[in-house]
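Lifted from Swiss-Prot, the feature list:
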type     : residues : note
DNA_BIND : 259-277  : DNA-binding region
DOMAIN   : 25-313   : domain 'Protein kinase'
MOD_RES  : Ala2     : N-acetylalanine
MOD_RES  : Ser29    : phosphoserine
MOD_RES  : Thr185   : phosphothreonine
MOD_RES  : Tyr187   : phosphotyrosine
MOD_RES  : Thr190   : phosphothreonine
MOD_RES  : Ser246   : phosphoserine
MOD_RES  : Ser248   : phosphoserine
MOD_RES  : Ser284   : phosphoserine
MOTIF    : 318-322  : motif 'Cytoplasmic retention motif'
Amino acid sequence: MAAAAAAGAGPEMVRGQVFDVGPRYTNLSYIGEGAYGMVCSAYDNVNKVRVAIKKISPFEHQTYCQRTLREIKILLRFRHENIIGINDIIRAPTIEQMKDVYIVQDLMETDLYKLLKTQHLSNDHICYFLYQILRGLKYIHSANVLHRDLKPSNLLLNTTCDLKICDFGLARVADPDHDHTGFLTEYVATRWYRAPEIMLNSKGYTKSIDIWSVGCILAEMLSNRPIFPGKHYLDQLNHILGILGSPSQEDLNCIINLKARNYLLSLPHKNKVPWNRLFPNADSKALDLLDKMLTFNPHKRIEVEQALAHPYLEQYYDPSDEPIAEAPFKFDMELDDLPKEKLKELIFEETARFQPGYRS
């Protein structure tokens, strides 16, 4: 834990890192770190609560700039109880001085990944967590956004079992017609939660990839272990087919990539493993919904509104309290091709509203 900075004593240090967030945020305490930044909790002297502050230093890398800009653009436009918001952003007053960006968010005690390492969940908890994931996802999908990296560590939890989806750095506007060349190379989302079509096709992607990830998360809540822990690309596919069985001819016809289709045709026939054999203690309604989410063919996979209306979630289902976005989200430009200098300018502009004396 960093010592509390005395008023006016300059930035606090946390594990050798400068955290320049005073005077409003003090009493910093280390939480963890990701690929390009550290997260601390801090005391907000204005709202009198502890908050989470993520320090991001992305400006050396085009990919990190892209992810940072995506996350900020999306989260500043989203407003939903099951999606983490941005409360404040701290950065230098000029673009030349801006080396880091500090993002202030609600402090959540833990995440689903940490929880599943230590606790076996009751059916009631599984049901409530799944409902909140789908409630947040309904809003995301209504904005025409794909999260693309749903996994237990991106689901934040607090002691009252509130759940918030975080990390929109890989999110995209849904565009089933656009052929994202190089899709697989830039697709760094965790393999275990990846839909089979991501490994088999490169053309376009749809909201059904997020539903697949939610199915993987439900299976993990039922058993405290990942359902498809593939060691590499082909191993991942083999794990999936080992449980779902061989795809039907109709399902194979959806695979545009001939090499991928021929690979699947070359494999020995596998039978589907019954879900109640894998999860003998699970609620039968939970397994019915799991089956509809972990469907090989993305066109037959359940959609988020149908999933919310499934009998497993009937005690929570309330369409009048499951809000959607006001308007579909649009990125003005494809960020993939922009140089990091341009992305830095866009991050600077996007964060201006939090600067003292800002006038829109």
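For all residues, glycine too, the Cβ spot is worked out from N, Cα and C.
Looking at the motif 'Cytoplasmic retention motif' (318-322) alone, the prediction's average pLDDT is 97. The shortest Cα-Cα distance from Ser29 (phosphoserine) to any of the modified residues (Thr190, Ser246, Ser248, Ser284) is found for Thr190. For Ser29 (phosphoserine), the Cβ neighbour count at a 10 Å cut-off comes to 13, with all displayed protein chains included.
DSSP assigns Ser246 (phosphoserine) to coil in the three-state reduction, outside any helix or strand.
Secondary structure at Ser29 (phosphoserine), as computed by DSSP, is strand. Listed in sequence order, Asn276 are the same-chain residues six or more apart from Ser284 (phosphoserine) with CB atoms under 8 A from its CB. Of the listed modified residues, namely Thr190, Ser246, Ser248, the sparsest CB environment within 10 A is found at Ser248. Between the CA atoms of Ser248 (phosphoserine) and Thr190 (phosphothreonine) there is a gap of 27 Å, rounded to the nearest whole number.
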